[in-house]
Every structure is written in C-alpha cells, then in structure tokens.
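Worksheet: one structure, shown below.
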Amino acid sequence: MDKLLERFLHYVSLDTQSKSGVRQVPSTEGQWKLLRLLKQQLEEMGLVNITLSEKGTLMATLPANVEGDIPAIGFISHVDTSPDFSGKNVNPQIVENYRGGDIALGIGDEVLSPVMFPVLHQLLGQTLVTTDGKTLLGADDKAGVAEIMTALAVLKGNPIPHGDIKVAFTPDEEVGKGAKHFDVEEFGAQWAYTVDGGGVGELEFENFNAASVNIKIVGNNVHPGTAKGVMVNALSLAARIHAEVPADEAPETTEGYEGFYHLASMKGTVDRAEMHYIIRDFDRKQFEARKRKMMEIAKKVGKGLHPDCYIELVIEDSYYNMREKVVEHPHILDIAQQAMRDCHITPEMKPIRGGTDGAQLSFMGLPCPNLFTGGYNYHGKHEFVTLEGMEKAVQVIVRIAELTAKRGQ
C-alpha cells in the first residue's frame with residue numbers, strides 16, 4: 001500500500017470543487033490541475049493510451065500481462081468535490097489508533113462524535129483521516145482516485161495476472177455532468193466499476209431514478225393598501241405549492257428504497273418566485289407518478305390566475321436506476337462479491353440513495369456498479385475516511401482484476 005495515504009493527502013490539497021449552472025466542462029479550473037497531475041503520474045507509471053479530452057475525461061490502459069481471451073475491465077472515479085461545502089484549503093487531521101469518543105475537528109467547537117455518527121463505534125483501533133471542521137475532506141471521491149492509482153501501482157509492480165485494465169477519471173460528477181462526455185467506445189472496457197461508495201463492503205448496483213423540477217411563478221405586486229383583488233403574491237403561491245407536496249415523502253423522513261420530493265431552493269418576491277425540487281425514486285412507475293404529481297400541483301395552484309400571472313414548471317430527467325442494465329450481466333456482481341470475500345470482507349448489497357457516473361454509463365452501454373472507498377459523511381465538515389478502508393478497497397480492485405483474468409484463461 002505504498003504511497004496510498006500520501007497520494008490521498010496530495011489530491012485533497014487541491015481545490016477541485018465543481019460548480020453547478022456552468023456550461024463549460026469541467027466547471028472549474030481546479031479540476032484541470034488534478035487531471036493533469038494524474039495524467040503525469042499515469043505516464044510515469046508506464047500506462048499506455050493515455051488521453052485527456054477537452055471535456056476533462058482522463059483515460060489510460062494498463063496492458064494485460066497474460067495471454068488469453070480476457071475481457072478488458074475498467075475502474076472509474078471522479079476528481080471533483082461537492083459544491084455543497086467548501087473544498088478550499090483542506091487541512092486533514094490524521095487520528096491514529098482511534099480509541100473512541102469525540103474527535104475535535106480543528107481548534108473550534110466542532111467535533112466528530114459517535115453520538116451523531118454511531119459508525120465510529122465500529123472503527124476502534126483504525127486510522128481516521130478527518131477534516132479540521134472548516135471544509136469537507138474530499139474523500140468523495142479522491143479516496144477512490146487514490147485507491148485506483150495505488151491498485152495500478154500494485155498490479156504494475158507485482159506478478160499478479162490481469163487482462164487489460166482501463167481507468168478513467170471524470171470531472172463534474174457532483175453536478176451531474178461527469179458521464180455526459182464519456183466516450184464508452186474509446187474507453188474499451190466490457191464492464192467497469194466506479195470506486196465512489198462508502199463504508200467497507202458496500203457494493204451498489206441500484207440507484208435512484210432522478211429528475212429536477214424548476215418552477216417559475218409570476219405574480220403581480222401593488223401597494224398592499226390597495227391590493228384587494230389585484231395583488232397576486234408569488235411567494236404565497238410558492239407556499240401553497242409546497243404545502244401540497246407530501247410532507248412525509250421528504251429526504252428527512254425516508255430511507256432504504258423509499259423515494260422523495262426535496263425542495264432544494266426557493267427564492268423570490270411578491271412579484272416573482274422560483275422553486276427548485278429534486279425528485280427521486282427507485283421504482284420507475286413511482287418515479288413517473290411523482291413527476292405527474294408535481295404537474296398536478298402546479299395546475300391546481302395556478303387555476304384561475306390572471307392571464308398575466310402564471311406558474312411555469314419544467315421537469316428534466318437526470319439519470320435512471322442502473323439496476324435494469326447491470327442485472328443483465330450478473331457475473332459483474334459475482335466477481336466483485338467473490339473479490340470481497342477473498343479479501344475477508346462481507347459484501348453489503350445496498351441501494352444508492354443518490355447517483356453515480358456509473359448510473360449514466362450503464363445506460364450508455366457500459367454496465368458499471370459501484371465499489372466502496374472506506375469514506376463516510378460525504379459533502380460536509382464531518383466527512384472522514386479510514387486508512388484501513390482505503391487499503392481494503394485497493395485489495396478488492398486488485399483481486400477483481402485477478403479473478404477476471406482467471407475467467408478468461
């Protein structure tokens with residue numbers, strides 16, 4: 001596991017936060033810095049067919065070291081970090097041999113507590129890498145990046161049989177654009193794994209169907225003293241819309257396979273208001289029903305408005321549940337599960353209450369379930385990763401490569 005932690009700490013030192021609402025891909029210059037660094041490291045490692053596209057997708061190949069009809073497989077991670085929390089001047093803390101209890105994050109009042117995050121009870125004796133309470137850590141997904149790079153080094157430096165190993169590093173995954181410019185044909189893998197999961201053992205092949213809902217409300221503002229019968233308050237209409245959305249079907253009230261409506265932002269004045277929702281559901285029929293529900297609500301609240309006042313609703317699908325594509329190729333999951341068991345890890349098949357690049361790639365002809373990274377509490381100041389979890393991820397990647405080679409020989 002030479003240089004695994006060193007690589008990770010180097011990668012998180014670079015601010016690669018992506019930005020939503022930007023046309024260019026990658027959306028931020030910082031992502032280019034990490035992509036160019038990785039390209040240089042791949043070249044130094046001796047990989048071939050290294051390309052960095054104008055849209056920031058970095059691809060490379062570790063050639064097979066054995067003969068046979070061995071399928072080419074891929075491993076993919078994203079270089080950007082979430083726009084939800086600052087990724088600038090990340091200052092990681094290394095807690096060796098965690099003994100339990102609260103971990104102070106920096107010099108302020110912030111702590112990482114097992115009361116709020118009970119998973120810490122399972123990590124006694126391990127080495128934790130945390131934030132200083134001022135930024136996110138960036139384990140999502142620089143842990144995955146470091147693990148893939150380290151696995152390549154292990155495969156390159158040891159006589160472990162493997163076929164062609166394709167790797168890719170993508171930008172803007174956190175803003176939903178990571179896979180849009182991914183050339184599956186150029187990548188050349190029969191299947192792949194994103195390394196973008198959470199705790200040790202996670203193996204995910206089901207994710208939400210996802211859509212965004214943007215609502216524009218145009219009202220009419222006049223002096224409140226003479227407003228009767230004339231004023232149309234856009235903010236009041238927004239409140240009425242949200243009151244119609246099922247309150248018990250929100251992120252904070254759902255879990256497992258339950259879907260939700262999430263009001264992500266709302267702004268406005270009496271004259272004009274905007275609302276942004278996201279819709280999520282694992283079941284395609286329920287997903288379509290949720291979209292219809294939003295349209296019905298907008299129609300109901302907007303009924304009888306003055307012609308100059310209106311509610312405009314735009315729904316855009318973001319990605320779909322990759323399950324229907326991955327289950328067509330059960331050996332992809334079988335190999336990953338066997339690799340975990342061979343590394344003394346119990347596979348934990350669970351749905352992703354979110355999405356990955358792999359969801360989009362699966363519908364582009366590259367079946368792509370998701371492997372764990374050893375990270376927790378993504379997108380915020382309580383994010384952390386365990387060194388042991390990262391080492392396990394490297395072992396699983398290497399073992400997947402070895403098992404795939406055995407199938408083809």
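The backbone N, Cα and C atoms fix where each Cβ goes, glycine too.
Computed from a predicted structure; not experimentally measured.
Going through His78, His242, His262, His276 against Swiss-Prot, the one listed in the Zn(2+) 1 site together with Asp140, Asp196 turns out to be His78. For the Zn(2+) 2 site, Swiss-Prot lists Asp140, His379; matching the candidates Glu96, Glu110, Glu174, Glu348 against that entry yields Glu174. Taking the mean position of the Cβ atoms of Asp140, Glu174, His379 as the Zn(2+) 2 site, the remaining same-chain residues with a Cβ inside 8 Å of that point are Thr81, Ser82, Asp84, Leu136, Asp141, Tyr378.
Non-local contacts of Asp196 (Zn(2+) 1 binding site) by the CB criterion (under 8 A, 6+ apart in sequence, same chain) comprise Ile76, Ser77, His78, Asp140, Asp141, Gly144, Glu173, Thr356, Asp357, Gly358, Asn370, Leu371, Thr373.
A Cβ within 8 Å of the Cβ centre of His78, Asp140, Asp196, the residues given for Zn(2+) 1, is found for these other residues of the same chain: Ser77, Asp141, Gly144, Glu173, Glu174, Thr194, Val195, Thr356, Asp357, Thr373.
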